[in-house]
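Annotated features, as they stand in TrEMBL:
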| type | residues | note |
| --- | --- | --- |
| DOMAIN | B:178-389 | domain 'Metallo-beta-lactamase' |
| BINDING | B:HIS226, B:HIS228, B:HIS313, B:ASP336 | Zn(2+) 1 binding site |
| BINDING | B:ASP230, B:HIS231, B:ASP336, B:HIS584 | Zn(2+) 2 binding site |
| DOMAIN | B:405-527 | domain 'Beta-Casp' |
2 protein chains.
Amino acid sequence: MFSNVPPNAEITKIDFEGPKIAIYTRRPQIFLDNDSELIKRIAKTLRKRVIVRGDEKSRLQEETSREIISSLIPREAGLKDLYFNESIGEVEIELLSPEKVDPNILTRIFVETLWYPRVLRRPPVVSRSIKEIRDIYRAEVDYRRRFLKELGNNVYRTPLFETDRVRIVSLGAFQEVGRSAVLVQTPESNILLDAGLKPTSGGDELPLFDLPEFDPQNLDAVVITHAHLDHVGALPVLFKYGYKGPVYMTEPTLHLAKLLFEDYIKVAEREGKPQIYSAREIASVILHTYTLSYGEVTDIAPEIRLTLYRSGHILGSSLIHLHIGEGLVNLIYTGDIKFARTMLLDPAHTKFPRAEILIMETTYGSKSDLLPSEEEAVLELGKIIKETIDKGGITLIPVLAVGRAQEVLLAILNLIRNKLIPPIPIFIEGMIDEVSAVHMTFPEYLSQAVRNQIYNDQNPFTSENIHIYRGENKEEVVGTRPAVILATSGMLTGGPVLEYLKLLADDPNSSLVFVSYQVEGTLGRKILQGLRKLTFIEDGKIITKELKMSIYRVEGFSGHSDRRQLEAYLRRIEPTPRTVILNHGEKGKIAEFQSYLLSEWFKKKTHLTFNVLAPQNAEAIRVV
Amino acid sequence: MFSNVPPNAEITKIDFEGPKIAIYTRRPQIFLDNDSELIKRIAKTLRKRVIVRGDEKSRLQEETSREIISSLIPREAGLKDLYFNESIGEVEIELLSPEKVDPNILTRIFVETLWYPRVLRRPPVVSRSIKEIRDIYRAEVDYRRRFLKELGNNVYRTPLFETDRVRIVSLGAFQEVGRSAVLVQTPESNILLDAGLKPTSGGDELPLFDLPEFDPQNLDAVVITHAHLDHVGALPVLFKYGYKGPVYMTEPTLHLAKLLFEDYIKVAEREGKPQIYSAREIASVILHTYTLSYGEVTDIAPEIRLTLYRSGHILGSSLIHLHIGEGLVNLIYTGDIKFARTMLLDPAHTKFPRAEILIMETTYGSKSDLLPSEEEAVLELGKIIKETIDKGGITLIPVLAVGRAQEVLLAILNLIRNKLIPPIPIFIEGMIDEVSAVHMTFPEYLSQAVRNQIYNDQNPFTSENIHIYRGENKEEVVGTRPAVILATSGMLTGGPVLEYLKLLADDPNSSLVFVSYQVEGTLGRKILQGLRKLTFIEDGKIITKELKMSIYRVEGFSGHSDRRQLEAYLRRIEPTPRTVILNHGEKGKIAEFQSYLLSEWFKKKTHLTFNVLAPQNAEAIRVV
């Protein structure tokens with residue numbers, strides 16, 4: 001197998017490391033010289049991705065290595081910490097500014113110490129959560145190595161069955177919004193795309209994990225598009241049900257998901273609801289996750305290859321592309337998709353090597369689902385804040401912690417920079433600060449504009465205008481005028497925003513601004529529908545307050561494509577899929593969009609002819 | 001529970017007997033007097049069907065009972081045998097003419113002996129197979145009683161799940177002909193409709209029993225429409241895979257299926273093919289079958305009620321009607337359907353209490369699939385036989401053993417009766433004689449005309465013109481001229497017909513008449529396509545013969561509805577279903593019929609609007 005490897009490469013061990021082959025050598029320079037031609041040749045022969053590692057006995061001692069690394073890393077990169085993972089011979093190098101390290105320096109570190117360098121970004125603010133994830137991996141290096149080895153063995157097993165058919169089983173979010181879960185099933189493999197929860201007034205609903213064709217213990221892989229509860233909230237439940245396999249997602253998604261899970265069980269505890277999982281399952285998720293970058297092609301089953309692409313929805317959000325059965329069929333699942341540039345993110349990816357089947361979200365599938373542009377939304381928000389300042393009031397904005405909060409934060413900072421509003425303090429409360437820390441840790445997932453700001457020490461998330469607040473005495477915040485307060489939850493169903501609302505409710509000079517969709521039955525929705533008598537708990541008693549604030553609704557900050565953008569995406573995606581499967585939308589909106597796509601009018605206008613399907617939950621449809 | 005049962009009823013035991021409740025009493029007359037009002041009242045209270053049995057200790061001794069029964073049964077009924085089933089207190093009374101016994105006599109037998117009388121018909125010819133089935137039940141009365149008790153417990157179990165969705169899983173015969181198998185799946189129950197084989201040149205294919213949502217050990221019931229291999233051939237395989245539950249079908253279907261199974265393994269053995277099941281599994285099928293009459297409503301799961309109705313295709317063939325979830329949905333599965341009166345059978349049933357979903361066969365779904373009427377077919381056959389007689393030749397007709405053979409036999413007898421041909425001998429060979437015996441045993445399943453002939457001692461199947469032949473010396477038969485020979489198999493793929501063909505091939509005065517569909521790849525199809533050089537084995541050597549017989553193809557004896565009859569059935573069925581699911585047809589024919597049913601032309605003509613689905617195999621579609 002390795003006949004074309006020169007004997008002086010001194011290979012001492014070959015091992016699976018997840019879907020990659022790790023080659024342990026005494027002389028990594030042999031692999032790194034000649035412009036890595038050797039690695040490419042081996043990878044091509046094996047048809048697997050290859051990573052070079054240093055032979056265990058040949059690695060320099062930690063102390064010596066530490067000195068060499070410290071001397072090689074330039075001061076401006078801000079070296080904060082080194083961690084030696086002996087299990088695989090990797091040294092984790094935590095830097096404030098990894099972009100300031102020349103790749104050749106990393107090669108030198110590897111060749112001189114035989115420790116493989118992995119660079120991590122240390123965010124400029126303290127993040128408990130990011131540290132915790134790193135600690136979990138470090139505490140379980142041996143478990144992790146065994147898991148990755150087993151994973152490799154499973155991915156590269158000899159297939160028992162011929163892959164001559166591919167089924168899409170709709171476990172959740174078909175003809176509804178919430179509990180996204182799509183099972184891709186071949187005779188050989190089972191891949192689950194997303195594992196979300198559906199919030200309802202009667203408690204959160206799981207996907208149809210009880211369908212007879214779904215068995216968590218028989219899954220080969222779970223792939224997660226992004227860190228919103230309706231796409232990832234049920235993931236820890238799978239581990240409770242006995243799943244022990246890999247989860248694929250981007251690194252930011254993992255970090256954001258951990259925050260969501262922890263917040264979810266905290267809220268459930270506070271509200272006395274049943275705990276559907278615990279910290280134990282959250283740790284399992286982290287230990288079984290294999291993170292991927294956009295565009296990285298990875299084998300996840302003997303006949304299935306996965307690639308994640310940018311979806312434009314929130315930080316780290318992905319489209320999923322599956323290449324199945326050596327070219328039998330290629331399937332794209334959008335998760336949630338934004339086909340427009342926002343301040344925070346670039347738009348969804350459109351070019352694929354092949355794409356016959358497209359499973360697409362349809363949240364805004366109705367003809368009337370047309371949203372204003374983000375520019376218009378920012379200007380409108382500016383006008384509201386300005387008027388509120390003029391009245392001496394406070395602008396209170398309920399936000400979802402992940403995605404919308406950062407977008408609105410950037411909007412307000414832009415308004416200040418462009419002098420459309422004065423440089424007033426912005427108070428944020430909830431888990432928004434931890435979420436912002438994750439944004440700062442993974443700037444390569446942000447829009448080019450924001451990324452460049454971060455690289456050039458103009459990190460908007462550390463702006464002096466932003467005041468992170470966790471104090472109990474909210475009167476102090478409310479007394480600071482003028483000011484803007486961003487607080488969770490986004491639909492007034494709980495969280496610190498309710499405390500602020502209680503203090504501000506009867507202040508006619510202050511404003512309450514909704515920037516995201518308010519689900520039927522939430523307090524936010526009721527206020528939009530005209531509710532003006534609010535009840536709160538104070539010192540154990542129920543008190544009533546008249547809502548005298550000015551109420552606004554600013555649309556245009558959505559992370560979803562509106563109807564126009566959905567259509568534009570279908571026209572732009574390359575190649576054009578033959579079958580479009582609509583999901584993640586209310587029944588009526590899906591029906592409307594389906595008949596539009598099938599209409600003569602659409603066909604004439606676009607010269608596109610799709611087979612358009614709109615399955616219900618609990619169906620299994622053949623795509624091959 | 002039994003508060004309204006008079007104490008003098010002297011009930012000594014209550015037990016499940018399959019889906020019925022058996023009430024053991026010392027005084028059956030209490031239940032049988034008053035026009036059985038008491039039984040009706042109990043059945044209504046229990047919402048279960050009730051059967052009255054005699055208390056074990058109070059039953060008269062066998063010898064005494066035998067004398068009483070012999071004296072009560074009228075001589076003209078032809079008492080042949082009595083069998084006392086002690087396990088449930090039933091006496092099986094075998095009669096040549098059960099229709100000649102007044103029901104009051106049976107009541108008297110029960111009241112006087114406390115043995116519950118069950119009347120069986122003894123066919124006028126010796127049938128090995130019918131006797132074997134009776135022997136199997138008699139040898140295993142205790143197993144059978146335990147099985148029926150367990151069955152009752154399972155059918156009337158407390159449901160664990162709410163039946164709020166119903167899925168149709170396509171295991172076989174979707175967009176193809178062969179291996180019919182439809183899984184009806186609710187959260188609580190799994191019901192399999194048909195279990196057929198698909199004959200292909202590479203061997204017979206099973207339904208997709210390997211689909212993850214199908215588990216033979218988790219099935220609640222199997223329901224069989226009729227005894228053709230493509231609907232019942234895989235049934236013994238389920239028992240090999242561990243199925244231990246009930247199979248529902250009509251009594252003639254069970255008897256015909258047993259013949260098919262035995263013939264199937266005999267042929268496989270002779271041809272050196274792998275045996276997919278053995279006599280052991282055939283016996284299991286028989287022991288686990290619960291036979292139903294047309295129109296008999298039976299609980300088969302906590303929330304599913306089954307009724308079989310006449311489908312007009314072959315003896316005992318049924319439509320399946322399922323009433324699911326206390327009125328949630330009603331589903332009809334046609335199996336194979338003939339919506340026209342034939343000599344042998346009345347046409348398919350059309351009136352149902354409710355029917356939202358119709359799964360319909362589409363064998364002849366193409367516009368060009370128009371067959372001549374049976375009258376035309378009979379006249380054409382008569383002409384051919386007549387001409388062949390005039391030339392001094394023999395008419396050789398390859399036939400399928402079940403259905404077509406009997407139809408053609410009746411056609412020839414009619415031609416003789418109407419003097420369109422002289423009373424020539426009809427030789428039959430294959431398992432046709434055993435199949436005819438089953439027809440004679442269950443005349444109540446035949447058309448009224450034939451049934452009346454049998455009741456009036458004019459049984460056509462025992463006509464003096466018919467000569468059953470099993471001899472090795474076929475030269476004798478071929479030397480008898482004029483004559484007609486009916487022999488299996490119907491497509492010249494094996495069986496005695498090949499021996500006759502070898503002897504007659506080069507006789508230009510004889511005729512070869514095809515009366516059924518010839519599948520691609522069979523010798524029958526090749527001859528129709530022009531093949532005239534035939535090869536046979538003689539004394540271990542391959543010999544070649546020129547085919548000089550006149551070759552004919554007579555259409556119109558089909559047991560399937562042609563395109564016109566399929567449409568007529570859809571127009572006639574009451575109530576009109578909202579969804580029609582097309583199966584059992586070639587892909588192209590199904591597509592053609594589907595677009596016809598969805599066309600404006602059809603809607604305008606019929607004022608019918610269906611939701612028309614055409615799933616592939618391995619799909620699961622929601623009907624609720």
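These residue numbers are counts, starting from 1, taken along the chain as shown.
Glycine residues also receive a Cβ, built from the backbone N, Cα and C atoms like all the rest.
Distribution of TrEMBL features across the structure.
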{"residue": "B:HIS226", "record": "Zn(2+) 1 binding site", "DSSP (3 states)": "coil"}
{"residue": "B:HIS231", "record": "Zn(2+) 2 binding site", "DSSP (3 states)": "helix"}
{"residue": "B:HIS313", "record": "Zn(2+) 1 binding site", "DSSP (3 states)": "coil"}
{"residue": "B:ASP336", "record": "Zn(2+) 1 binding site", "DSSP (3 states)": "coil"}
{"residue": "B:HIS584", "record": "Zn(2+) 2 binding site", "DSSP (3 states)": "coil"}
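Predicted-model confidence for the domain 'Metallo-beta-lactamase' (B:178-389) is 95, expressed as mean pLDDT. Ranked by CA distance from B:HIS584 (Zn(2+) 2 binding site), the binding-site residues B:HIS226, B:HIS228, B:HIS313, B:ASP336 have B:ASP336 at the top as the closest. Of the listed binding-site residues, namely B:ASP230, B:ASP336, the sparsest Cβ surroundings within 10 Å are found at B:ASP230. Listed in sequence order, the residues B:ALA173, B:VAL177, B:GLY178, B:SER180, B:ASP194, B:GLY196, B:THR225, B:HIS226, B:HIS228, B:GLY335, B:GLU361 complete the 8 Å Cβ shell around the Zn(2+) 2 site centroid, once B:ASP230, B:HIS231, B:ASP336, B:HIS584 themselves are left out. Spatially close to B:HIS228 (Zn(2+) 1 binding site) yet at least six residues away along the chain are B:GLY196, B:LEU260, B:ILE314, B:ASP336, B:VAL402, B:GLY403, judged by Cβ distances under 8 angstroms. B:HIS584 (Zn(2+) 2 binding site) has a Cβ environment of 30 other Cβ atoms inside 10 Å. The Zn(2+) 1 site is set by B:HIS226, B:HIS228, B:HIS313, B:ASP336; from the centre of their CB atoms, other residues of the chain with a CB within 8 Å are B:THR225, B:ALA227, B:HIS231, B:SER311, B:ILE314, B:SER317, B:GLY335, B:GLY403, B:GLY559. Just so you know, the Cβ of B:HIS226 (Zn(2+) 1 binding site) picks up 30 other Cβ atoms within 10 Å once every protein chain is counted. Of all Cβ atoms in the protein chains displayed, 28 besides its own lie within 10 Å of the Cβ of B:HIS313 (Zn(2+) 1 binding site).
Sequence-distant neighbours of B:HIS231 (Zn(2+) 2 binding site) (same chain, 6+ apart, CB under 8 A from its CB) are B:SER180, B:ASP194, B:ALA195, B:GLY196, B:ILE224, B:THR225, B:GLY335, B:ASP336.
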